[in-house]
Amino acid sequence: MSEVASASGCADPLEEIASDGDWDGDELRTSKNKVEGGGGGGGDADDFDAWMKSRQLLKPDDQLDLTEAELGEEVTKVLTPTNTNVIRNLVVYSFKEGEFVLAPVPGNTVTLIAFPGNSLHIDSEEGRRQIEESDEIGYPLPMPNYTVVEQREPENVDGEEGEGEEDDDGANAKEGGAEEEEVEEEDDEEAKGTEGDEGEGEGEAEGGAVRAEDEEHAQPVAAASSKKRKLINQFNYCERGALTYSNPKRNVDTQTIPPPRSQFGANVLQWVIYDSYMENFEEQQRDGSKKEDRKRGRREKKFRDKSAIAEQLNKKYLKCWQILERMINQNIYDDIAHDYRYWEDPADEFREGEGNLLPLWKFQYDKTKKMNVTDILFNPSYYDLFAVCFGSHDFMKQTNEGYLCLFTVKNPSFPDYIIQTDSGVMCCDIHPTYPFLAVIGLYDGNVAVYNLREDCKEPLYVSKGVNCKHGECVWQIKWGLDMTDGEVNFFSVSSDGRVFNWILMQNKLWVTTIITLYRENGLVDGPDGTKVSLKSGGSCMVFHPVDNKVFLVGTECGYIYKCSTAFSSKYLMTYDAHNMSVYRIDFNRFNSNIFVSCGGDWRVKVWEDMRPDPLFIFDLGAAVGDVKWAPYSSTVFAAVTTEGKVHVFDLNVNKYKAICVQAVVPKRKNKLTRLAFNEKLAFIVVGDEKGVTTSLKLSPNLRMMVKPPKKQLYLDQTTLQIAKLEKLLSLVRELPEGSVVPDAATTVRS
């Protein structure tokens with residue numbers, strides 16, 4: 001039994017273990033009996049059964065029971081080379097085309113590793129050809145990568161050795177396989193030869209035949225331990241001699257034009273030498289002065305450059321500090337900021353026809369504490385930014401300076417822009433198209449234009465000379481529409497009774513008199529018996545919102561003149577408005593034929609264009625400093641009085657009295673002078689005589705919107721506001737039958 005196993009090459013594994021010498025004979029026999037399962041007793045068989053039972057397959061309870069037909073059914077799965085992870089509709093931006101274009105779809109092939117090789121198989125045609133070439137030239141050709149194959153002579157070709165030599169040959173075969181690391185095919189053939197059933201002789205005979213055939217084709221070196229010659233790869237081989245380049249010799253000649261020659265002859269005397277030295281000394285002095293001038297110029301330029309850099313850094317630092325200051329103030333006034341945006345008075349639900357005002361921030365500047373707020377205006381482009389003018393309304397208490405400060409609700413503690421003047425600032429206006437252009441009128445009759453984007457210390461334009469200014473205080477100033485050639489212009493009115501048109505030329509202001517305000521039937525006898533026409537001092541002005549050529553001018557005599565910029569000989573209309581000076585006029589935002597006026601006679605009057613009598617008259621019990629229509633409603637307007645109160649009217653709710661009267665400042669110590677509505681949010685800003693500007697939030701009853709009818713839900717708020725005002729005017733108009741109210745933009749009356 002052992003002989004058969006040895007001949008076939010399948011020896012007992014337990015005998016092999018015993019041959020190593022680790023176990024003794026008794027232990028070996030005991031283990032063998034346990035494995036074979038005989039003669040060892042019942043306990044060994046039970047252990048084997050338990051061991052086999054523990055390795056049986058367990059079937060889950062929820063496993064499907066399939067029939068033999070279902071189990072034998074072939075399930076076909078198709079494997080496609082399409083990569084499902086590739087995005088098909090990817091677009092990228094092309095800077096050449098200037099638009100997004102489709103990106104090319106990548107291929108479905110995914111390369112995991114790519115390694116270029118230059119080895120040649122020894123049996124290939126190219127390998128054989130290179131071996132022959134290397135034999136012809138007598139030395140092996142260089143090759144970057146080659147395979148080394150070690151060859152040995154077979155010991156037993158006839159196969160006549162016995163079993164004892166067979167083990168040695170097997171060991172030699174194993175050693176040969178370890179040495180031949182790079183030729184795996186020959187090792188496999190030798191291994192098959194040693195494991196065959198016919199013994200070591202036949203395997204070695206076959207191996208010898210294979211090696212003989214290789215010797216006929218490849219012709220290797222005849223040493224057993226010699227290495228194969230290097231094979232040349234025809235694709236990446238080149239000789240060193242082919243890389244050497246010999247530069248040809250060249251002759252380069254250069255020829256230049258010879259310098260000019262001249263002959264000079266003179267007698268060298270003492271005074272000639274002296275004069276030459278003096279001329280040379282003067283030239284050196286001139287060169288030295290030029291160098292000093294250049295150095296001085298460089299120093300001045302360097303100083304200017306440093307000053308400009310420092311100024312730019314200061315501007316950047318100032319911008320950063322402004323942002324930081326706004327953040328701190330928003331944290332400090334967080335409660336007021338929430339009220340400014342979201343406050344709704346719940347008590348208005350129980351007050352029918354009445355409302356109130358919620359005080360928010362107070363804006364003031366330390367240098368303007370004793371000045372009057374002469375004008376307030378919101379920026380047309382930035383709803384949170386408003387301009388405040390500081391001057392004096394008292395002729396006997398005029399200051400030597402004035403200020404125009406631009407405040408923002410984002411930073412109530414300090415103005416964002418400060419403009420200082422040599423005289424009190426009485427009025428201002430901001431251009432509707434260019435919100436950085438601000439024009440101001442001064443108490444001394446001059447006007448100035450400032451660019452807020454640049455330095456506010458110096459004006460961009462300023463009036464100069466006696467003839468290029470007003471004779472008295474400038475009470476109101478307004479930007480006009482750009483002229484046909486694109487020139488920017490504005491208008492101003494003054495107590496001297498003249499309305500000027502100022503045009504911003506390239507280097508100066510060009511002034512033109514639009515109209516001189518004379519009283520109607522104001523001819524009186526002069527000292528010499530001649531007739532003299534009396535002038536009316538202008539106090540305010542406002543342009544028509546539809547027709548930019550028509551404007552209204554209020555005078556100190558209480559009249560309101562309707563004028564036109566087309567001609568200055570006559571008035572279009574004269575309104576006998578007030579018994580004292582007219583302080584402010586404002587057009588309705590939804591109907592350009594309706595305007596409101598206020599004056600020092602304690603009254604506020606609502607007018608319709610081309611009607612000599614007012615539609616509404618309200619007595620507020622004190623001089624009214626300012627009145628404005630609300631931008632969100634066609635029937636709401638507000639006024640401020642010298643008693644320190646704010647009056648808010650809604651003609652649709654009450655046509656006889658205000659729906660809100662609220663004191664803002666103390667009555668005896670302070671007076672309110674100016675008022676302005678915010679264009680976007682429902683709050684107002686009022687100014688007093690102590691240089692303080694207060695912001696107030698309107699309660700819901702003061703800013704009620706019109707609800708559309710159920711059958712007309714498509715109507716917008718503007719249409720509803722116009723219809724509401726027309727319905728109100730139809731109740732107060734007293735027109736004869738058949739008469740029609742003419743349009744203000746087209747009617748001209750002498």
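For all residues, glycine too, the Cβ spot is worked out from N, Cα and C.
Among the features that TrEMBL reports, region 'Disordered' is placed at 1-47 (among others).
The compositional bias 'Acidic residues' feature in TrEMBL is assigned to 13-25 (among others).
Per TrEMBL, compositional bias 'Basic and acidic residues' is recorded for 26-35 (among others).
The annotation region 'Disordered' is assigned in TrEMBL to 124-226 (among others).
Sequence annotations record features per position, and here TrEMBL assigns compositional bias 'Acidic residues' to 156-170 (among others).
The feature compositional bias 'Acidic residues' is assigned by TrEMBL to 178-205 (among others).
Among residues of the same chain six or more beyond the region 'Disordered' (282-303), none has a C-beta under 8 A of the stretch's C-beta atoms. Positions annotated as region 'Disordered' by TrEMBL: 282-303 (among others).
Annotation source TrEMBL lists compositional bias 'Basic and acidic residues' at 283-295 (among others). DSSP places the residues of the compositional bias 'Basic and acidic residues' (283-295) in helix, strand and coil in these numbers: 13 helix, 0 strand, 0 coil.
For 575-608, the entry in TrEMBL reads repeat 'WD'. Look at the repeat 'WD' (575-608): DSSP puts its residues at 0 helix, 20 strand, 14 coil.
When Cβ-Cβ distances below 8 Å are used as the criterion, the repeat 'WD' (575-608) is approached by residues 539-542, 544-546, 552, 554-562, 614-631, 634, 637, 639, 641, 647, 649, 651, 718, 721-722, 725-726, 729, 733, 741, 743-745 of the same chain, each at least six residues removed from its ends. Mean pLDDT, taken over the repeat 'WD' (575-608), works out to 93 on the 0 to 100 scale.
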